[in-house]
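Reading through the structure tokens given below for one structure.
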Amino acid sequence: KDGYIIEHRGCKYSCFFGSSSWCNKECTLKKGSSGYCAWPACWCYGLPDSVKIFDSNNNKCSKK
């Protein structure tokens, strides 16, 4: 599956212009095929179904 990867709080992995190599690394560490910085967050391709991705209908992002 494709989507924005999220961290433990449910927030997207933030990125900035020029950080596509960092996003690609984070995506492949999660067993995705590749990824890039779709500013302001990392977008991944080919993620396994077990990896949680951002869902705007069920956004649990918090600052806690």
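The backbone N, Cα and C atoms fix where each Cβ goes, glycine too.
Out of C11, C15, C61, the record in Swiss-Prot bonds C37 through a disulfide to C15. Of the candidate disulfide-bonded residues, C27, C42, C44, the one lying closest to C11 (disulfide bond) when CA atoms are compared is C42. Under 8 Å, Cβ to Cβ, and six or more positions away along its own chain, C61 (disulfide bond) finds I6, R9, G10, C11, K12, F54.
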